[in-house]
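**Q** Handing you a structure now.
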Amino acid sequence: MRLRTRISLALLLGFQLVTAIFFQWELLGSVFGFSQQPIAWALYELIEVAAALGLLAGVCVTAILLYRSQKARAAAEANLRLASGAFHKVLEERFDEWKLTPAERDVALFSIKGLTTAEMAALRGASEGTIKSQTNAIYRKAQVSGRSQLMSLFIDELMGDGLPGVAAVSPTPKLIENSNPDTPDRHIPAQ
């Protein structure tokens, strides 16, 4: 919200508060027993009309802000749907580019969603060894060393040029095969 709009709203809110107090002044005076100096009837009527107009203006501004808020929310939801669709399209394009099998596509998607190997195995009805083999094939085809680099490929793609002032880093480092079968990621970056 712009500064001018904020100031206008703050002034209108302050005016509404004063007018609400004005309308309640006589009632509060009789309830709490404090005396009031009478004012000229014409001035009283003028203040009462101004107070009523202030309250009416508050209702109108509230309606306008509610409308704008609903419109902005709808636009944000539409943009979110577009971004979600764009992300899915980027996923499909990369999967095609890497020539992933249908099973590898599922595993890659599960991996991007953050599922563990055991969870992927349960969902796919496969052994954990099969899932590990498929994730290694995915990393090899995508030329990344692990899940975090796989995710960074898609994040970089969605961000476009990336962060301002940060040099672009190649998301596809050269890989060498790790000969230790006990490590969860058999591909490590080349030195």
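Cβ atoms are placed via backbone N, Cα and C, with glycine included.
The following feature annotations were taken from TrEMBL:
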- 97-154: domain 'HTH luxR-type' (DOMAIN)
- 170-191: region 'Disordered' (REGION)
- 44-67: transmembrane segment (TRANSMEM)
**Q** Below 8 angstroms Cβ to Cβ, which residues of this chain, lying six or more residues outside the transmembrane segment (44-67), approach it?
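**A** Residues 9, 12-13, 15-16, 18-20, 22-23 contact the transmembrane segment (44-67) from elsewhere in the chain.
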**Q** So how many of the residues in the domain 'HTH luxR-type' (97-154) end up helix, strand or coil by DSSP?
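**A** When I sort the residues of the domain 'HTH luxR-type' (97-154) into the three classes, I find 44 helix, 0 strand, 14 coil.
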**Q** Give, as a single whole number between 0 and 100, the mean pLDDT over the domain 'HTH luxR-type' (97-154).
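**A** That region's mean pLDDT is 93.
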